[in-house]
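Down below is the structure, laid out as structure tokens.
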Amino acid sequence: MLPVYQEVKPNPLQDANLCSRVFFWWLNPLFKIGHKRRLEEDDMYSVLPEDRSQHLGEELQGFWDKEVLRAENDAQKPSLTRAIIKCYWKSYLVLGIFTLIEESAKVIQPIFLGKIINYFENYDPMDSVALNTAYAYATVLTFCTLILAILHHLYFYHVQCAGMRLRVAMCHMIYRKALRLSNMAMGKTTTGQIVNLLSNDVNKFDQVTVFLHFLWAGPLQAIAVTALLWMEIGISCLAGMAVLIILLPLQSCFGKLFSSLRSKTATFTDARIRTMNEVITGIRIIKMYAWEKSFSNLITNLRKKEISKILRSSCLRGMNLASFFSASKIIVFVTFTTYVLLGSVITASRVFVAVTLYGAVRLTVTLFFPSAIERVSEAIVSIRRIQTFLLLDEISQRNRQLPSDGKKMVHVQDFTAFWDKASETPTLQGLSFTVRPGELLAVVGPVGAGKSSLLSAVLGELAPSHGLVSVHGRIAYVSQQPWVFSGTLRSNILFGKKYEKERYEKVIKACALKKDLQLLEDGDLTVIGDRGTTLSGGQKARVNLARAVYQDADIYLLDDPLSAVDAEVSRHLFELCICQILHEKITILVTHQLQYLKAASQILILKDGKMVQKGTYTEFLKSGIDFGSLLKKDNEESEQPPVPGTPTLRNRTFSESSVWSQQSSRPSLKDGALESQDTENVPVTLSEENRSEGKVGFQAYKNYFRAGAHWIVFIFLILLNTAAQVAYVLQDWWLSYWANKQSMLNVTVNGGGNVTEKLDLNWYLGIYSGLTVATVLFGIARSLLVFYVLVNSSQTLHNKMFESILKAPVLFFDRNPIGRILNRFSKDIGHLDDLLPLTFLDFIQTLLQVVGVVSVAVAVIPWIAIPLVPLGIIFIFLRRYFLETSRDVKRLESTTRSPVFSHLSSSLQGLWTIRAYKAEERCQELFDAHQDLHSEAWFLFLTTSRWFAVRLDAICAMFVIIVAFGSLILAKTLDAGQVGLALSYALTLMGMFQWCVRQSAEVENMMISVERVIEYTDLEKEAPWEYQKRPPPAWPHEGVIIFDNVNFMYSPGGPLVLKHLTALIKSQEKVGIVGRTGAGKSSLISALFRLSEPEGKIWIDKILTTEIGLHDLRKKMSIIPQEPVLFTGTMRKNLDPFNEHTDEELWNALQEVQLKETIEDLPGKMDTELAESGSNFSVGQRQLVCLARAILRKNQILIIDEATANVDPRTDELIQKKIREKFAHCTVLTIAHRLNTIIDSDKIMVLDSGRLKEYDEPYVLLQNKESLFYKMVQQLGKAEAAALTETAKQVYFKRNYPHIGHTDHMVTNTSNGQPSTLTIFETAL
């Protein structure tokens, strides 16, 4: 497997000195690089040794294993929370010291503020001692400010690192578990859920560690502040504290509500992403069936449910933020109202000491403490989900490969097993056989007989309920549905083994890959995409076989690898690979190609999980056993087979084989892009994920807001925000004005003037109450409105993006891996739903507060404006300088995240293969390497933001110093109330200013998600689904197809895959399309369905296909695809997504394809929910469902795209027979590799390198010994060629000379005039 990245730069933090660590100077070189050019992956610093994924994962895994053991001994349920606490409590507890010092400094600050204001209240210009003392107080105040600036960021840096470590360790454990899941456990989870654990649930750990310490710091600080307030204003402080205490349960109640909404939302999100995954996976089929609208409705409904929950949780969040915004105002209001009503007199120093003390405790108690509760409750939900996953059954290590101790063999004795413990009928029953080195055991049987299950039993994937399986020797396994992972072709074959040129060349040759590698530009160093997009199914199958052969194992389990390739290659693989290279090995081959049975040492015939017959080929012939009847399903009527056949399924999904039958679900981020293109020589290059550079454009903001509401709403929103902020400042100003009036009065009174004036309490209190109520109301209104608009915007953009994806051409899906598209729908939409509205509102609130603070300071001491200018310039430069680097870091973090998910989903698809090859450890290492790469980016993301924040707080500290010392210098001109207002505001600026700027950068970073979504709302579109010009409803009633000089390519400027094709297909004609892999057979279908726009003209019943809408065209043709695709949902939805048919019609269609009984046995019959991708049906059964769809559509044109490759001959025969019966009056095009499928066609179309080489009746073509078709038939061997020629001849005479009686349907073996048994079961091939 590929190394993920080269050795990176050593981390400068390791050698940094104390000063450098405190001020993050060690990051300066990185910022310089970021300023000069765009940052790339190799600019990132390597992960610190203690942060490596493997180290962290194994450490936590150790504690979890101990916890599981402890729980088993005490007969309890193990607790993941306990394991986490045991692992991390020491290192995390130390960080509490930071919190303690920081929160103490916040409490000390107001005391010294009070002393400074006191100096102003008792101002005496002659008292120099008082002035010096005041300067001393100002110095202590600034010292506290600086300590806060430094400590705060060190604390945050360390707790965020702790969160990262916990997340990385947890991901390591989840992946490790995924590799060990038993098949029963696989039924209880889905790929979507596991990806969700990895993308959403573990992110809660990053957040919970930040706030956790405030669970004890909050209450402690509240007690200290109460004590200080009591000394300052006496009993009135209890009124304020009471309000604070009332707010807390309110907030925790919000928290609980929020967490329950969160888990409900998560269920809907899971369902939406799972369905999205299926849509992207099966997009080709959805387009060919013209089912986009049905899926659009499905996703829209899921999204509506999700959004309604999101809106409700957003309202809660809005209320929460609003209460935070106005909490301090309400508290101060209640405190001073009580204070005044109790008859006390307010003074400036008391007012502002109280305001500042409340300010300190307010942050902790109303923001950090509830956040801690909310995050802890969210984390608990996530830990529960992860714990449930970690406790799923693991695969038993019982009959994993035993040491070969010299004797190598596979021995199965009286083996019985169930996939589903609840089911009554066993999957396999009473099997016994032994295979020794040098033997080839062929396993045959009808669809669903248990052939793949037998292999899984040998692999140890299917645990016995009775009997035993002993395997001596190393296993190599080739799955029925080929699995490749992202990496080079060579790394896919080597799969961790050392490269030995000679052996490698030999394997490449035996697996018929030599020619393919020559066609690829980079040969075996070509990088295969996420789903093997650059390879055709046939190539993938051969790469899988090559991987197995190169392993040089003792035992080979081959699950029908020959059906994915054409006859010639199939023979090459069988003779050179299976019979030669593997001739000394133990080989078990599941196959439907009965012509190879002669070479088998033993043949095992399975039916309904039981062994019907076992013996050698000659024994079978002697006993006169009719293979044909053995391979029949019981409910088939016995009749002489016509000449059926099996086109092959070249490109299959990556998932485990049809064995997962009767399971409720299984991994399925699969290669749904049925590359119906013959990508053999049309490499589709995977485009690099875009990382747009530089600033997020103004256009993105405009589109984002316009998606949310009308511009009038926006003007209203701006006014509302301004009103809220003005009310906020006025409330404080009024208090300082009142205190000033009171102190002037006191001075007058003390000065011995007339004691006639008394302040009108009602007037001052009335205005004060009015301003407080206004602040609260405006705050709530603005919060709710912002959330409503932004969530609405997210909904609109999601719908636009989804619509755009549905209308995108197939090429888009070939160029973009599933993970990348899904990332837009999961991560980016998650940001738009959840984080962006919150961050945005937070940013607006803090921005307005910062503006308020500066305005007040300038109003009080106008000359402050002078030093503000350079500070402002430094700030603007700093922000620009920081964002240049931080944007790149954030983008790198996004792009290094994708491979983690891709690797997980790819591993889940190839789970059996990985386990068979014992490659779990290698995959785990690769996963850890992907995680480390992501950690490098994440670590920079954390540290760069701290670097910036420390510098911002330095600017604020300067501002506080200027205000404090400036007011002392100008003491003559100022009164106490003004100084109190300016200084208390300046102190709040400390944390708030850097938070505001960071939130502005955060908003900009999150706008990247908006950009990414908007980018997908404007994709290149296919032609419209419907035009004004609609074809007549009965069109096409004839089914005549004319190709007139058709050229076809998959991408503009790409190579032509069809060249100057001209052909006429008459009404009701049956046409077989043949050619080597890569000849353009599937491209012909793509051109017909306009999956890409063809050049030239294609007419169907005198209507030009390019002149009508795509849906009008595609709905009128039925296709039975190579790849049987079923979707989650009911069987009814799968057959008839638009509810166009009655129940009777649906049951009849199922009866026709002999699935009626199977469906009737399901608990909900036709309304039973299918598992993810229909995995509770075997591949053969899924193919029959596709046939039922075609029967229901009753179209005049049917296209069969190699549809019966991995079904047994009998099912194949059933499909062929139904096609003959049901579609006798239709035009049928069949792409085939197996020539006997199409030998009885009216015409054969032979394609080669995209050109039409021959087009005539099969018998006519066979008369010409120079024809390509003749050569193809001859390659099958004499007996087969003779049989095919005879069939073609009979069909030819029957069609052209019906008066000559050709009744003899039986092909006779010329040697003895007897019907040949071989021919009987070969006809099915």
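Every residue gets a Cβ built from N, Cα and C, even glycine.
Small disclaimer: the values here were computed from a predicted structure and weren't measured.
Pulled from Swiss-Prot, these are the features on record:
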type     : residues                                                       : note
TRANSMEM : 93-113                                                         : transmembrane segment
TRANSMEM : 136-156                                                        : transmembrane segment
TRANSMEM : 207-227                                                        : transmembrane segment
TRANSMEM : 328-348                                                        : transmembrane segment
TRANSMEM : 351-371                                                        : transmembrane segment
TRANSMEM : 440-460                                                        : transmembrane segment
BINDING  : Gly445, Pro446, Val447, Gly448, Ala449, Gly450, Lys451, Ser452 : ATP 1 binding site
MOD_RES  : Ser664                                                         : phosphoserine
MOD_RES  : Ser668                                                         : phosphoserine
TRANSMEM : 710-730                                                        : transmembrane segment
TRANSMEM : 771-791                                                        : transmembrane segment
TRANSMEM : 858-878                                                        : transmembrane segment
TRANSMEM : 954-974                                                        : transmembrane segment
TRANSMEM : 977-997                                                        : transmembrane segment
TRANSMEM : 1038-1058                                                      : transmembrane segment
MOTIF    : 1322-1325                                                      : motif 'PDZ-binding'
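Recorded features from Swiss-Prot, shown on the structure.
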| residue | record | CB count, 10 Å |
| --- | --- | --- |
| Gly445 | ATP 1 binding site | 25 |
| Pro446 | ATP 1 binding site | 24 |
| Val447 | ATP 1 binding site | 25 |
| Gly448 | ATP 1 binding site | 27 |
| Ala449 | ATP 1 binding site | 25 |
| Gly450 | ATP 1 binding site | 28 |
| Lys451 | ATP 1 binding site | 29 |
| Ser452 | ATP 1 binding site | 30 |
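Touching of the transmembrane segment (977-997) and the transmembrane segment (440-460) is ruled out by the presence of fewer than three CB pairs under 8 A, sequence neighbours closer than 6 excluded. Across the residues of the motif 'PDZ-binding' (1322-1325), the predicted structure has a mean pLDDT of 33. The transmembrane segment (351-371) makes no contact with the transmembrane segment (954-974): fewer than 3 of their CB pairs lie within 8 A, with pairs spaced 6 or more apart in sequence.
Between the transmembrane segment (858-878) and the stretches 93-113, 207-227, 328-348, 954-974, the greatest number of Cβ pairs separated by less than 8 Å involves 954-974. The stretch from 136-156, 207-227, 328-348, 954-974 with the most CB pairs below 8 A to the transmembrane segment (93-113) is 136-156. Only pairs six or more apart in sequence are counted, and the transmembrane segment (136-156) with the transmembrane segment (954-974) gives three or more Cβ pairs under 8 Å, enough to call it a contact. Sequence-distant contacts of the transmembrane segment (328-348) (same chain, at least 6 residues past either end, Cβ-Cβ under 8 Å): 117, 120-121, 233-237, 239-240, 242-244, 354-355, 358-359, 362, 366, 728, 731, 735-736, 738-740, 742-743, 746, 761, 765, 768-769, 772, 775-776, 975-977, 979-980. Non-local neighbours of the transmembrane segment (954-974) in the same chain are 116, 119-120, 123, 125, 131, 134-135, 138, 141-142, 145-146, 149, 857, 860-861, 863-864, 867-868, 871, 874-875, 878, 982-983, 986-987, 989-990, 993-994; each lies 6+ residues outside the stretch with a CB under 8 Å from one of its CB atoms. DSSP classifies Gly448 (ATP 1 binding site) as coil under the three-state reduction.
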